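In Swiss-Prot this protein carries:
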BINDING   His18, His103, Tyr193  Cu(2+) binding site
BINDING   His182, Gln191  O2 binding site
DISULFID  Cys73-Cys196  disulfide bond
CARBOHYD  Asn156  N-linked glycosylation site
SIGNAL    1-17  signal peptide
Amino acid sequence: MFSKKITALALVSAVKAHGTVSGIVADGIYYDGYNPSYQYTSPAPVTVGWLIPKDLDNGFISPAAYTTSDIICHVDAAPAQIEAPVKAGGKVELQWTPWPVSHKGPVIDYLANCNGPCETVDKTKLQWFKIDQVGLISPTAETSGLWGTDVLIANNNSWTVTIPSDIATGNYVLRHEIIALHSASSVNGAQNYPQCVNLAIKGTGTAKPAGVSATSFYTPTDPGIQFSLYGTLTSYTIPGPALYSGAISVTQTLPAAPTASATGVYTVS
């Protein structure tokens, strides 16, 4: 039974796979991301990435589901049971499975304070503030333009985000997302790939930015959601709330080798 389940999973993934975060590097320490195949192992690995066992095809959330809880951290996502420690002002690298070149679009990052343990947080109560966004970089650099996803691919399918240095110590969820626009010219054609990671952030800051619910981020007809990737491009409006004033931009470069690996930590006090 075990081998049959794994074989079925492999076949589905081969046909429909797009991408998922397979690894996280927080302040130079590597952590495994979640893989849906873990549900077929005993004991299942404990990861800092949120659990998405129903995402068997590494699939997406469509605009039709923007008002449902699936847009928060992916389909039927459940909180990770450990957290990766990172300093305020530190860097978190998200390592994706190989991303398709044709799936161009923005890369966006949000944070939400769990106001307690993230392991037991009600995801529908999380209030998110945007800390990073890269959309259309150059409309004429290549066919369909140069996008955040192209930079991600060029950086070994990885993306680095800096944690704002002014935020208060606490337990947070990092929501990292790619929005693929290759079919977005029609309503419900955009493809959202949200991935969530538990972080234990420590610093000297006191800021507690206001946020919004993920179910209010986007609508199916937002100009950055229903968008034609093909033809003459002039501009692109990145969807979602405004960027947090304390956000720190990152110049994406080829990632450095992790200094160590770990399985995660439990909640910081």
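The backbone N, Cα and C atoms fix where each Cβ goes, glycine too.
The structure, with features from Swiss-Prot marked on it.
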| residue | record | contacts (Cβ under 8 Å, 6+ apart) |
| --- | --- | --- |
| His18 | Cu(2+) binding site | Asp57, Asn58, Gly59, Phe60, Trp99, Pro100, His103, Ala180, Gln191, Tyr193 |
| Cys73 | disulfide bond | Trp50, Ile52, Lys123, Val173, Arg175, Pro194, Gln195, Cys196 |
| His182 | O2 binding site | Ser102, His103, Lys104, Gly105, Gln191, Leu229 |
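Look at the recorded positions Gln191, Tyr193, Cys196 and count other Cβ atoms within 10 Å of each Cβ; Gln191 has the fewest. Cys73 (disulfide bond) falls within a helical segment according to DSSP. Following the DSSP three-state reduction, the secondary structure of His18 (Cu(2+) binding site) is coil. Each residue in Gly19, Asn58, Phe60, Trp99, Pro100, Ile178, Ala180, Gln191 lies on the same chain as His18, His103, Tyr193 and has a C-beta within 8 Å of the C-beta centroid of that Cu(2+) site, without being one of the site residues. Counting every protein chain shown, the Cβ of Asn156 (N-linked glycosylation site) has 12 other Cβ atoms within 10 Å. In the three-state DSSP scheme, Cys196 (disulfide bond) is classed as strand. Annotation note: Gln191 (O2 binding site) sits in a strand segment as assigned by DSSP.
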